[in-house]
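Heads up, the thing below is written out as structure tokens.
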Amino acid sequence: MGEVLLGIETSCDETAVAILTDSGEVFAHEVLSQVEHSAYGGVVPEIAARAHYDFLQVLVKKAMSNSGLKFDDLSSIAVTAGPGLVGSLIVGVMFAKAVSYATKKPIIAVNHLEAHALVARMNQEIVFPFLVLIVSGGHCQFMLAHDVGCYSKLGGAIDDSLGEAFDKVARMLGLGYPGGPAVECKAKNGRGDRFFFPRALHNRPGCDFSFSGLKTAVRYAIEREGPLDEEMVCDICASFQECVGDILVSRIRNAIKAARQLKEGIDKLVVTGGVASNGFLRTIISQCAEDMGVTAVFPPRELCTDNGIMVAWAGVENFRKGNAVASLGFAPRARWTMESIS
């Protein structure tokens with residue numbers, strides 16, 4: 001059976017637990033999404049932390065029961081230690097430490113962003129070095145992955161993340177939270193050429209992103225058009241997605257060129273994070289990467305959003321590197337960049 005790891009994820013508003021082997025066989029996977037936040041149009045930190053506290057133990061018990069394993073069968077416990085909402089992180093880290101202490105199993109402090117970056121390697125042949133684009137509610141950045149725990153940042157969002165832009169556009173249109181799936185759904189029935197929104201930094205050097213101007217332009221369009229019918233809502237969503245696609249293509253081209261200047265043989269672009277589940281953007285990104293002689297690789301859609309499998313797999317990768325420790329002295333970190341992992 002090999003090594004077996006328990007993964008715990010509580011960095012934001014998903015409580016997630018998974019049990020898997022070092023060969024990628026998943027014994028259990030439980031995710032609880034907190035619907036309470038939809039009424040507020042975004043994540044409320046106190047509500048998120050309380051929900052983790054109420055349900056994490058329940059999910060772990062359920063996962064252990066479904067797997068047919070006992071805690072003695074585990075090789076290690078992997079837990080997201082940052083970055084994220086500190087209150088939410090504390091719940092997961094303290095629970096994982098308690099399990100580690102009681103079972104005398106080593107514990108691995110997992111970087112949430114690294115977990116997103118590595119999960120595509122679980123069932124696909126991706127060797128280092130490779131380029132990573134993380135696009136989620138809290139992060140938007142290009143990383144060059146040299147090895148487990150070793151990354152260089154090529155660029156990132158200078159204001160809002162892409163996931164945040166999706167959420168705010170959805171909120172302005174009254175589509176609810178989370179915004180990404182809602183906008184994508186409406187865009188399928190809309191015209192992407194109905195509105196032209198600004199492409200910030202488009203065709204300029206560098207690998208940074210800017211989405212604040214795009215959000216403002218969408219707000220102005222909504223105010224200018226007055227009461228919106230269903231057709232108009234769909235057209236705004238489609239035009240917004242078209243704009244995002246153009247921005248990503250421009251930045252990806254630059255990032256691939258920059259990565260190749262630093263490392264020869266870059267032939268994979270891993271695109272991960274919640275926004276990477278968007279089907280329209282997957283198609284645009286795949287074509288752009290192919291044009292640049294690179295293969296775009298996406299995790300399965302259910303592993304793009306926050307989940308326990310990615311944390312457990314990051315634990316596997318770190319376990320192999322000898323990074324599982326018996327010490328319980330680490331603390332959750334609201335800010336923890338990938339380049340500072342090592």
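The count begins at 1 with the first shown residue.
Heads up, the Cβ atoms here are built off N, Cα and C, so glycines get one too.
ASP306 is the residue from ASP291, ASP306 that Swiss-Prot records in the Fe cation site together with HIS112, HIS116.
Record note: Swiss-Prot gives ILE134, VAL135, SER136, GLY137, GLY138, GLY180, ASN278 as substrate-binding, and the candidate from ASP159, ASP160, ASP167 in that site is ASP167.
Taking a C-beta cut-off of under 8 angstroms and a sequence separation of 6 or more, ASN278 (substrate binding site) has the following same-chain neighbours: GLY180, GLU184, GLN241. Cα of ASP167 (substrate binding site) to Cα of HIS116 (Fe cation binding site): a distance of 20 Å. ILE134 (substrate binding site) sits 12 Å from ASP306 (Fe cation binding site), taking the C-alpha atoms as the reference points.
Sequence-distant contacts of HIS112 (Fe cation binding site), defined as residues of its own chain at least six apart whose C-beta falls under 8 angstroms from its C-beta, comprise GLU9, SER11, THR80, GLY82, PRO83, GLY84, ASP306, VAL311, TRP336.
In this structure the C-alpha atoms belonging to GLY138 (substrate binding site) and HIS116 (Fe cation binding site) are separated by 12 Å.
Geometry remark: VAL135 (substrate binding site) versus HIS116 (Fe cation binding site), CA distance 10 Å.
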